Amino acid sequence: MKQSRRFFSRIGRFVQAHPVMTLLLAVALIGVAFVGAGQIESVTGDRAFVGSNPTLDTFDDEFDYGSVATLVRGEVTDPTTMRAIDRYDQRMSAVEDVQTVNSPADRVREEYGRIPDSQTKIERVIGSPDTAVIGIVSDAGMTQQQSRPIYTKAVDRKEWVQFPAGVSVTVTGSAAFSTQLSALIQQSTQQLLGLAVGLMTVALFFLFRGVRLRLLPIVAVFVGVIYTFGAIGYAGVPNSTLTSAVFPILIGLGIDYSVQFHERYEEELETHPPKQALPLALGGIGPPVSIAAIAATLGFGATWISSAGTPAFVWFAQTSMFGIGLTFLSGIIVLLPILTLYARWRGDGETTDTDADADADAETNSDSADEAIDTTTPTESTTDTDLGDIGMLGRTLGRTTRFVASHPIAVLLIAVVLLGGGLAAGDSLETLADSEEFIPQDLPAYVDLQQFRTVTGGGSAVQYDMLVTGSNIRDPTALRWMEQYRQIATDKPLIDGMQTPATLVKQHNGGEIPATEAGVKRVLSDIPASERANYYSDGYAHITIIGERNMNTDELLDFLAIAKSSSELTRPPAGLTAELTGQAAVSTPSIVTQIETRNVTTGLGVLFVFGALLLYYRNLIRAVAPLVPMLFVIGWQNLYMSALSIPVSPLGASLGAMSVGIGAEYTIIVMERYFEEFGQSGVSRLDAVEIAGARVGKAITVSGLTTVFGFSALTLSPFPILGDFGFLTVGVIFLTLVAAILTLPPTLIVLGRLSDLVERVVASRRDIAVQGDPDEVKADD
């Protein structure tokens, strides 16, 4: 503790001595951050929820051909429309990375060698549909960023070919969806940042009264957010749907840190000149805020570790951890030097100080200042027992904390009962695990995709993949196993069909599987390469399993289980392995696992924060006390979610660990002030609780409510998962404030009494041991 205070007091003296140099450093880091921010990429859809998976990687490289679908509706068989389709087909076939283009014009041209002028002739080939699909297949293994130019060119070519009036043409598919969703993520991130800053400006203006430059924390936090963008750019952390939720959270947390620095500096200025006030303020508030920031970082670290296989959650945790450290840093190198310069400009005690003078004084007096910090708590200079200068809010909080501390058993019993009710309610909460439900349902690309699925019977949304590996995948035995697997699986519920290499071979061999491998290869050689590539690659075969449309999450999990068990039941021949794979088959179970293991994530968060507090304080009571209110909040948040019908999303599943880390800030700061006051002579536990509640209770209330304003920006997100998370975080932050003010004081009193009891018992036993056994003394006589 003393070393930590010395460290922060020295930082305070440096900033006080060199405010301009410190600000120049902050500005230079902004320039560095902008370079890093330019390197950020976006990842959307199922890919954000699928981690390292060798089978999936192999499937992507061999069979995952990107696709852009163009849906044509209207007089499709009109010669003018068909010629436009043909022009579009030829233009897209020449685009780089496009492997094949399939359209009705191909069949018509194959029949007549050209597009005839007769609609009757066209209908003779393709019938008389009122819709047509032009499939644009790109090379396998392309990333989302690589496939987006194909979508852009498809939109451009659509305009160039000039489809006739009355014909509707829609470009859709995974690339279209990814492009629009990526743009929306970037737009949403900017809007959420603006909303969070605006809401917090209003909050600080009305709540943070009575201090100079009360909106300055917003500036410091905004700089910290810029640093965070730069850091994730350099670290290669992409922007995703979940990552965009981080920045309102960071603004809320960063405001906490800056408000605490600001409030304590103002308090020290009441009785000290600026040169002394800043080292005293940072030496006093720096340690608790730093350990609170570490606790919050560890809370997100628990999310990182528990969801290591799901990239989106790892990126969310990594961005949060970067942001916590950098907003803490910006509070020191942006907020404090500006306050120092403002105090000098105002002439608060030391109008003639220059940087050099201050530095010389600091060097001369550093040892004595450190000694003063060690021997005098930062609050001794003020008359803390006189609470007349803290305002009505401070006095109310002081009286409230004294009241709950005077009735510790009753207050804690009520908290425990609510905790039990919350834990029971947690089992009945609904879940949100379908990644398509995370996004706005009115997103144009998603609406187009749904229309395309309706026309095509579901498209890729109902297709799931199985990768077959082995050296004998063209052997008739392997094909007969595939056919047996198809027959058994399609008799099961939820499976509507299956396409296997055996199906392909039978289709081109009169409905029979050749008796020899040479016969199979002969049939395959007669099949067009583009068609064959969907089923075979070097050493691999691809099976497509067709599921029912509009399956919910539970049905999808059942579908995957049935497909896997059917494969195991039919026993693939020796040398063959068959594994379900593909983005959809891997991402949904991953998301469900994240939700189902949320208690593990919370437990890790509690364990990490407890370990950090125990290591820092080396005192069991001080390590346990800040966590008790947070344990209450973990149960209470389930009641809150149940009351508002908020489902448990994968993002919300990490909130238990996050709330422990974030909420620990409030409890640590109150506890630190309590022990500062209790350490002074003549101050009882109840007096210490009241002074702590009055002095820092106001600061954490202001910062907490300001954080609520920042988090509330998430409620306005166009993404349902972020909107729900916004409502959830607003409620949890409010609950952590309530827990810090109402349950921490009685917890401190109870733990203090237990500590006194233990000390008395130990002292009594020590006295008995020193005095010895009276019977033994008589025997010696």
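Easy rule for this one: first residue shown is 1, then count along the chain.
Any Cβ shown, glycine's included, is placed from N, Cα and C.
Computed from a predicted structure; not experimentally measured.
These come from TrEMBL:
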type     : residues : note
COMPBIAS : 350-373  : compositional bias 'Acidic residues'
COMPBIAS : 374-385  : compositional bias 'Low complexity'
DOMAIN   : 213-341  : domain 'SSD'
DOMAIN   : 599-750  : domain 'SSD'
REGION   : 350-388  : region 'Disordered'
TRANSMEM : 192-208  : transmembrane segment
TRANSMEM : 215-235  : transmembrane segment
TRANSMEM : 241-259  : transmembrane segment
TRANSMEM : 280-306  : transmembrane segment
TRANSMEM : 312-336  : transmembrane segment
TRANSMEM : 403-425  : transmembrane segment
TRANSMEM : 600-617  : transmembrane segment
TRANSMEM : 624-643  : transmembrane segment
TRANSMEM : 655-675  : transmembrane segment
TRANSMEM : 696-719  : transmembrane segment
TRANSMEM : 725-751  : transmembrane segment
Would you say the transmembrane segment (725-751) and the transmembrane segment (280-306) are touching, if the rule is that at least three C-beta pairs must lie under 8 angstroms and be 6 or more residues apart? no
The transmembrane segment (696-719) vs the transmembrane segment (192-208): three or more C-beta pairs under 8 Å (separation of 6 or more)? yes
DSSP-derived helix, strand and coil totals, residue by residue, for the domain 'SSD' (213-341): 111 helix, 1 strand, 17 coil
Lying 6 or more residues past either end of the transmembrane segment (403-425) yet within Cβ distance under 8 Å of it, the residues of that chain are 631-632, 634-639, 641-642, 685-686, 689-690, 739, 741-743, 745-750
The domain 'SSD' (599-750) [mean pLDDT, rounded to integer]: 87
